[in-house]
Amino acid sequence: MAQTQLQRAGDGEITDAIERVAERENRDPEFVREQVAEGQAVIPANHNHESLDPTIIGREFATKVNANIGNSEESSDLGTELEKLKTAVHYGADTVMDLSTGSDLDRIRSTHIAHSAVPIGTVPIYEAITHVDEPADLTPDLLLDVIEKQAEQGVDYMTVHAGVRKEHLPLTDGRKTGIVSRGGSILAQWIEAHDAENPLYTHFEEICEIFAEHDVTFSLGDGLRPGSLADASDEAQFAELDTLGELTRTAWDHGVQVMVEGPGHVPMDEIADNVRRQQEVCGGAPFYVLGPLVTDVAPGYDHITSAIGATEAARAGAAMLCYVTPKEHLGLPDKEDVRDGLAAYRIAAHAADVANGLPGARDWDDAVSEARYEFDWREQFDLALDPQRAKTYHDQTLPGDNYKEARFCSMCGVEFCSMRIDQDARTGGGEMETLESGTDLADSEAAEVNQPPVGTHDTSGVPDEIEIDGVTFTPECHADD
Ligand code: SF4
């Protein structure tokens, strides 16, 4: 029987996936193997996901970013979903979670898996709930069936809210925003209706057996995460975290890879402690954080409020950041929201990698700075995190080709361009010297995600046109403004 990456790494094997991520991260394959074998990093790679280009998630590696896509009962079809997948990969998502809750779930999921080079994650309870009238009608068998089917389809990692225990629920009384996780709220309703323990907890070892067979990685869900600053770091959150620590070890005993999900909404000054606590309680299993949002006052700008928290979390050791879009709390994101959310989170991840001293991470910054100082506008656009956005903004006021050689832009204007003035001072024969440049990105030690172009995978696996059951879908990547 095929084994998991964790088991094979534990046996001393350097798998093809380990070789590949070592190449992408510019690290020694033996170091990668050790990190996987010790549960400090995961390579989500379902045996049935044939189009996968493996990615590693762990605090010793470049910080990764996840994008959530998916339909809802109110909107989206297969073409739109493929378009979101393509947009997400193009703008740098390292993994994509299909959180569809509307119709056509199987077809959307299997199409995503067939065309995605990045790992695909799901939350199986979202599908299970579509098969019943209300949460109380869920059964352990239904949950296990859905999990097994999705594992067979090739899902690389699944969010399982097994840490929401019956005894934890009273701890959420008195919160400002109760239980804000969709999975957590569904399970709380089930527990209350049946006066019984969470079936995902009582059947956890059966889930482990399914995961081990297909090499699905756990993303242990934080169903009791805080949904507001007032609820951050409370008893309910940390009681669930203790259970997640217990479940992490159970999964490892079954040879299953684990990462652990984290909050939510957390004041800036509590974020680093939250990361340290998770690392301690969960034996160093990779921490996958949603934001966190550092203030609750800015609906419409929560890609910013959360990217601030995500940067702090990654600085403290979080391994993957789940992006948040400007539509958070307000509506289902569209392509432009996906783009804006990913830009915010790629910045957060890269900023943390630079600050954490990841080898070569700052070379990209240096190369952009040199192009900027030299007024090499085309190079600056090419190296930018979002080249199309940079060029479009520049060209809004100075569109002509001649301005691509100009020693100023419209921000300060020709008279007040400080970089031009500085250059003139340095070449004017005084004591100031001309500045050195010459950062060579081709020789950089940086992991792929810390080098341009921002997309770590190309999008050629996502077709421009796809026909399913006689219907043609045309996902377009809106790479140009
Ligand atoms: S005009 Fe101002 S913003 Fe534009 S290049 Fe010069 S210093 Fe930079």
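Heads up, residue numbers simply count up from 1 along the chain you see.
Placement of Cβ uses the backbone N, Cα and C atoms for every residue, glycine included.
Annotations in TrEMBL come from automatic prediction, not curation.
Substrate binding, as stated in TrEMBL, involves Asn68, Tyr126, His161, Ser181, Arg182, Gly183, Asp222, Gly223, Leu224, Arg225, Glu261, Tyr288; the candidate among Met97, Met268 given for that site is Met97. Whole-number maximum of the Cα to Cα distances across the substrate-binding residues Asn68, Met97, Tyr126, His161, Ser181, Arg182, Gly183, Asp222, Gly223, Leu224, Arg225, Glu261, Tyr288: 20 angstrom. For the binding-site residues Tyr126, Tyr288, the ranking by surrounding Cβ atoms (within 10 Å, all protein chains) places Tyr288 first. Taking the Cβ of His265 (Zn(2+) binding site) as centre and 10 Å as the limit, one finds 26 other Cβ atoms among all the protein chains shown.
Among the binding-site residues His265, Cys409, Cys412, the residues whose Cβ lies under 6 Å from any atom of ligand 1 are, in sequence order, Cys409, Cys412. Cα proximity to Cys409 ([4Fe-4S] cluster binding site) (within 10 Å) is found for none of the binding-site residues Asn68, Tyr126, Ser181. Cys412 ([4Fe-4S] cluster binding site) and Gly223 (substrate binding site) have their C-alpha atoms 49 Å apart, to the nearest angstrom.
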